[in-house]
């Protein structure tokens with residue numbers, strides 16, 4: 001097993017607390033690499049007794065020993081990047097260790113407007129996008145009309161590409177009564193943005209391959225969660241990129257297989273926006289209690305998250321398709337004082353138990369959960385430092401998870417701070 005490479009991924013619908021473990025483990029690595037997604041997924045990190053909320057810059061930015069890389073698989077909004085750089089610097093955090101791929105596709109303001117318009121036109125069938133332009137930018141990428149960071153530095157090249165890109169978009173904007181975009185105005189704005197981000201821009205493919213050849217330690221930071229993966233998630237209620245298998249194509253680092261994959265699992269389930277959610281808690285008072293105690297509101301959208309019981313049937317599927325080798329359990333402290341804790345161990349439809357994860361969204365929406373009920377615990381666990389000192393029923397809960405998934409739990413998080421993390425298994 002190559003211990004120099006670690007991938008950290010969310011194992012549910014996002015918002016699992018990945019950023020905490022990137023921050024926690026960053027001291028052991030030379031490079032922290034974001035390889036997919038955009039500024040649609042926020043991550044929260046508590047550093048130096050301050051809470052930071054970022055959408056684009058990787059969590060490793062708080063450790064000056066790390067080289068923090070936004071690789072080519074990311075779609076980049078330069079406005080967000082500059083806002084976060086300013087935000088970090090104003091709080092005493094250096095961004096001298098930040099590197100941005102010149103191959104990143106750029107999110108323009110017309111992508112954001114297209115995102116909003118398409119969602120509006122769907123009416124009651126809207127997916128619940130964050131309206132950050134992610135989908136339209138990825139659409140341009142696969143349609144071969146996308147504009148990359150390297151295109152921002154030559155005004156004439158940039159203008160020509162924007163003119164080509166807006167030919168069809170402006171027709172659609174006009175058709176649906178929206179404002180059309182002036183290519184020259186857009187080119188001028190984004191050329192200037194390009195000059196501002198230029199100090200961070202580098203050929204990250206060469207940078208990462210050089211690091212790999214020198215046996216530097218590299219941590220890959222995933223965004224969103226596997227059940228939002230465009231191929232393996234609850235399509236179409238998913239993000240626009242692959243959460244799992246994009247490391248090689250999203251970084252340019254030809255790795256046959258990363259053997260060490262840390263899956264971050266929330267002790268219960270949450271989901272933002274529309275889409276099937278089999279283990280959703282129907283008792284609104286209990287869902288409200290967990291939502292408030294766990295501060296379950298979107299980092300980017302501020303929308304209240306839907307609350308559900310831990311879905312082990314779903315997680316078994318996630319482990320199968322992702323190759324997760326170890327687990328970090330987060331927000332276990334939120335479940336303190338919940339007397340009876342349900343875990344979903346299977347799905348049934350028409351009273352028939354399923355032995356597979358349905359691909360059809362229509363079938364999934366008709367599924368009912370099969371629950372096992374476990375005893376809860378009343379103790380406050382937020383100050384406990386040793387696994388042995390955790391309440392017996394909490395340890396039984398974790399053992400149940402391990403036995404069901406056949407994957408070891410390595411970390412147990414009992415609070416948001418870095419020091420509120422128990423190492424169960426070295």
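Every residue, even glycine, has its Cβ placed from backbone N, Cα and C.
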Which of 234, 239, 320 belongs with 15, 16, 17, 18, 40, 41, 42, 43, 130, 144, 224, 303 in the IMP site listed by Swiss-Prot: 239
Candidates 15, 17, 44, 414 (recorded positions) - the one closest to residue 303 (IMP binding site) by CA: 15
Residue pair residue 302 (substrate binding site), residue 42 (IMP binding site) - Cα distance, angstrom, rounded: 10
Farthest-apart CA atoms of 15, 16, 17, 18, 40, 41, 42, 43, 130, 144, 224, 239, 303, residues recorded for IMP, distance in Å: 34
Recorded positions near residue 17 (GTP binding site) (Cα-Cα within 10 Å), from 43, 130, 304, 305: 43
Which of 44, 224, the listed binding-site residues, has fewest other Cβ atoms within 10 Å: 44
Distance check against residue 43 (active site, proton donor) for the binding-site residues 130, 304, 305, 332, 414, keeping those with Cα within 10 Å: none
Cα separation, residue 15 (active site, proton acceptor) to residue 332 (GTP binding site) (Å, whole number): 14
